[in-house]
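Record features, source Swiss-Prot:
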type	residues	note
BINDING	Ala53, Gln54, Thr55, Gly56, Thr57, Gly58, Lys59, Thr60	ATP binding site
COMPBIAS	404-423	compositional bias 'Low complexity'
DOMAIN	40-219	domain 'Helicase ATP-binding'
DOMAIN	245-390	domain 'Helicase C-terminal'
REGION	393-432	region 'Disordered'
MOTIF	9-37	motif 'Q motif'
MOTIF	165-168	motif 'DEAD box'
Amino acid sequence: MSKTYLTEKKFSDFALHPKVIEALEKKGFSNCTQIQALTLPITVKGHDIAGQAQTGTGKTLAFLTSTFHYLLTHPAKEGHEKNQPRALIMAPTRELAVQIYTDAQPLAQSTGVKMGLAYGGDGYDEQLKVLNNGVDIVIGTTGRLIDYVKQGHINLNAIQVVVLDEADRMYDLGFIKDIRWLFRRMPNAAERMNMLFSATLSYRVRELAFEQMNNPEYVEVEPEQKTGFSIKEELFYPSNEEKMRLLQTLIEEEWPERCIIFANTKHRCDDIWAHLAADGHRVGLLTGDVPQKKRLRILEDFTQGNIDILVATDVAARGLHIPSVTHVFNYDLPDDCEDYVHRIGRTGRAGKSGNSISLACEEYALNLPAIETYIQHAIPVSKYNSDALLTDLPEPKRRHRPRQGQPRRNNSAPRRGNNTQRNNRNKRPSHS
């Protein structure tokens, strides 16, 4: 596989609807990524596809472009009613559903295709109001979709396009029964175009494709190493007692423009957030118990640069398109080796370089062999000097203080800091 992010293939090379091409050109999209170049020859013909590609290589635009083209070049079913959308896009998480909806806005504006959201947590009446006015595309999560279908707000009998995004994650979260329930209420597979995209095309994902799709073509964009050529990986072995101080020292030294810190539990994320917030960093927290509106606001602040550091469980590791993440810290090595790939895939996206720093502590170091076997290479190890770790650190603050997005160092610190006491230390660990 070429290491180049974009191919020589252009969107204009395909027989896409002129309004789709117009929307893409307005957003500056000219050349296709590899997954897009493989997908469009299949979908412009209306054929089914099951695609595998590394996270961040353009899967979303591939299926959105295909969906809008299909709806613009095929008439709605005869007798089509207001509560019958023509296309359904299913995502494993609320955040991903919202992200897909946002990414589709330029296409919707140029084409006049109407969209609606359906995800749980909040916004029930607001979502329903949009759906009741009639939409062409519904983007949502399975639970809320089933709710609306059971109540008659959505009827799936006129579906012409189905997209299942992050299919492997759907299995991981236990949504496969919901997916099959929804498929049973649609026209049969031969009467619709079906698209499935996933970071991995495991046996169970292929089985789902066989069940619910019409002889799909399989395409794969598999890098020579699962973690990507553009990501610099690094591993430290801290003791449990030094783990937090090592993280804070690395942040002070690296001073990342935008980074995500992953931990395995909500409690650990709370603790990391409290330490970094007390130290004056602009930090946000994204865990399962954060209310949906607040989660979306935090993601928006992070995307807009109002927050520099996002502390998260794996809820944020899949599907979210957050640009320009320069660093990913694995405070805990994940229990699932695939999650390591998905986590660090938040950086090094769209052809940019990125950095992944992992801490193999006493509790989670046993996860390392499986991870390295899965990614087919050893993660380079760096050593550190315990005496060089930061010591003048404030006590962690309560979760409600300070507010999300508090400026680093009370807005007075420069990007690389002029704290003489800290900068005089040899904080950066030496490489082995």
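The backbone N, Cα and C atoms fix where each Cβ goes, glycine too.
Cβ neighbours within 10 Å of Thr60 (ATP binding site), excluding its own Cβ and spanning all shown chains: 24. The C-beta environment of Gly58 (ATP binding site), restricted to residues of the same chain at least 6 apart in sequence and closer than 8 Å, consists of Cys32, Thr33, Gln34, Ile35, Gln36. Cβ-based neighbour count (10 Å, all protein chains) for Thr57 (ATP binding site) stands at 22. Per-site Cβ counts within 10 Å over the binding-site residues Ala53, Gly56 peak at Gly56. The 10 Å shell around the Cβ of Lys59 (ATP binding site) contains 27 further Cβ atoms across the protein chains shown.
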